[in-house]
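To keep things clear, I will list the structure first and then write my remarks on it.
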Amino acid sequence: MMIAERGVRASARGVLSLHHIGKTYPRVMPRSKRGVWGMFGHPGRRAVDDAHTAHGPCSGARETDAAEHSVLSDVNLSFFTGEIHALLGKNGAGKSTLAHILSGFCVPTHGQLRLDGKEQRFSVPFDALRAGIGIVHQQPVFAERATVFENVVMGSAALTGVRWVRRAQVRERIDRIIAQWRMPLKKEEYVACLSADKRFFVSLLCVLFRNPRFIILDEPRCAPAQSRAVFFSHLEEFFVRSSHAPRCGGGVIVVTHRFADALRWAQRISLIEGGKACSFLRTDLLDEYCSAHQVNECIQKVSCALMSASTVTSSAVSSFSSLSDTQSCATVPRTSSARPWVLRVESLQVSKHADVPLTDISFSVAASAIIGIVGTPEDGVHVLEDILCDMHAGASRTHCTGNILLQEHDQVWCLPLQRNTPSLLRAHGVACVPSNCIQRGASMQLTLFDLLVPYTLRTWRTRVRAQMRFVARLLAEEEIYCDPLQPACTLSGGQLQRVILARELATRPRLLILAEPAEGLDSASEQRLLARLRQVAQAGTALVLLAREQHQAQWRALCTERFLLRAGTLCAEVSGTPSPSQDSHT
C-alpha cells in the first residue's frame, strides 16, 4: 500500500536530501597475506568465485567490478524537520551505511547530499555536527574514564569556537536537558560504570547538547517496549514539535527493522532493500484512506515481508497477495536429568564495592540444555555476562568470589575467577558471543577473512585456499553473499552478530554463552537464529542465553529453564512451556 505524497510543504521547514547516493567498498587483502599475494594474486580467489557461482550475488545489489562491493546504489531520499522519518529494512539492506553517510562517518562514492538546497560534503562527523546533524549510535563509544559531564562537553570548544567553558551555565543546561527528558543519568557518574541503557542516553545527551536540527537514531534499543513508548513521546514533544528546537522543530531519522514501531511513531517510512530506496509511505494519510482493520493487516503483512527470506520489492509491499503468516518455533524437549552437566556456577558473588553487586548466583547447565537468564543492566545481567565470558575488570574481578566449574570428559575444572582468561575458556570448549559485538567480538578494520579464521584454521600447515573455502562456506551458510576480502565494517549489526556466531560454532564448543541473542536482528534473522540454536542444542551443546528483557513466546519456549535476575539475585525460576497468560502480555 504505497500512498503518493501530496500537498505543498512550508518553506520554513528544513530539508536534508540525498541525490543518487552510492557507496562501494574496495576489496582489501588479508593482513597476514598482503606482502606476498599482493604481487602474485590470492590463491583463494577461486574458492570465492565458486561460492558466488553456487549461491549467486547479493540480492538487490548492482553488479560492479570484481574489486568492489556495492552497499548503496542510486538512493534518492528527503528528510524534513518537524517530523519523524523511519528507514525500514532487513539486516544488510544498507540502512546503517545511509545513516553514516548522513552523519559524516562515511563518505559516499558518488552522489550529492544537500541541506536546505546547498550541497554538503561531510568528510568527518565534525562537519555534520557543525551543519546540525547528530547521530546516536547503536553501540556508542565514549571516554570510559571520564564522567558524563566531561563526555558531553568534550569537543564543544572546537564546535562553538569558544575556547573556555562556563561550568555553571553548562551544568545548568545539562541538568535542564536531563530533567526535561527524564534521563536516568547523573553528571558525576563515570561512563565506564554505566549500563547499556544509560550509555544510550549519554549519547543522546551529547547530541542534544549541541542543539542539532536532525537527530539520527541507529536502531534505538534504549529500554523495554513500555519505556520506548515514553521515549518516543518525549522525542516528539521536546524536539520534533518544540519551539526551542532550531527553526521551530527538529527532524528525526530512525533506523529500524521493526515495522510496528515505525508505523506507530514515524510520519514517513522509507523501505531500504538491496541498497536502494524501493518504497515510500506516509503514515499521516493512512487514517484518511484506510480503516483500523486495514492498518493492522498492513502491519502484519509488511512484517511477514520483512521476515521472508526472499527479496522485498515495492510491488511485493504494495500487493501483499503472496505473503503468508509465520509459524512459531517449536519447544526444545526438556533435558533429561541423567545427562552430565557442563557448567556449574556455585555461590557466585560480587561484593557491594563493585559497580553492580551480585548475590549468591548458583545454577548448572547440562548437555543439550538451554538456560535463559533475563534481567536489566541495573540488576547485573551485564556483570554476569562479563564474569561468565571473563571480560570483567577492575572492581568486578577484585571483589568476585565463588566457583565456576566446567566438566569435560569426566574431569572437573575449577576456573580461577581472579586469573581466568578468554583463552582458558576456549581451551575448555567454551564459546562466547558478547552483547557488544562491535567492540568485543570483532575488529571493524579487519577483513571478514581475518575475522573468521583465527580460532579454527590457525596452524601454519593450513593453506590459504582451504582457509578461503572455509570462510566462503560460513558466509554462504549464513546467507551473507559478499566477498570474504571486504572489510568487516561493511556489514550491518545484525549480519556481524550472525558472522560471529558462525565463527564461534565452527569451533564445535561444548558450551555456548550468547548475550542479547535478538539484539539488532530482523524477523527473518531471528527465526533463522532460533532454528540454529535448536539444532546446536540437539547436537549436545549446552547454551546460556543472557537478555535484558523478555523476548517473544518462541524465545521463552526455546529455553528448558528460565531465570529472572532481580537486584543481583536469581529470584525466580520458570520451567516448561509458558502459560497462555504469559503469551498474552508479549
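Quick reminder: no glycine exception, Cβ is built from N, Cα and C everywhere.
Look at Swiss-Prot and you will find 46-299 tagged as domain 'ABC transporter 1', backed by sequence analysis.
In the three-state DSSP assignment, the secondary structure recorded for Gly94 (ATP binding site) is coil. Annotation source Swiss-Prot lists ATP binding site at Gly89, Lys90, Asn91, Gly92, Ala93, Gly94, Lys95, Ser96, citing sequence analysis.
Among the features that Swiss-Prot reports, domain 'ABC transporter 2' is placed at 343-586. Averaged across the domain 'ABC transporter 2' (343-586), pLDDT for the predicted model comes to 80.
In sequence order, His257, Ile272, Ser492, Gly494, Asp522 are the residues of the same chain, not among Gly89, Lys90, Asn91, Gly92, Ala93, Gly94, Lys95, Ser96, whose CB sits within 8 A of the CB centroid for the ATP site. Just so you know, the Cβ of Lys90 (ATP binding site) picks up 28 other Cβ atoms within 10 Å once every protein chain is counted. Within 10 Å of the Cβ of Lys95 (ATP binding site) there are 29 other Cβ atoms, across all protein chains.
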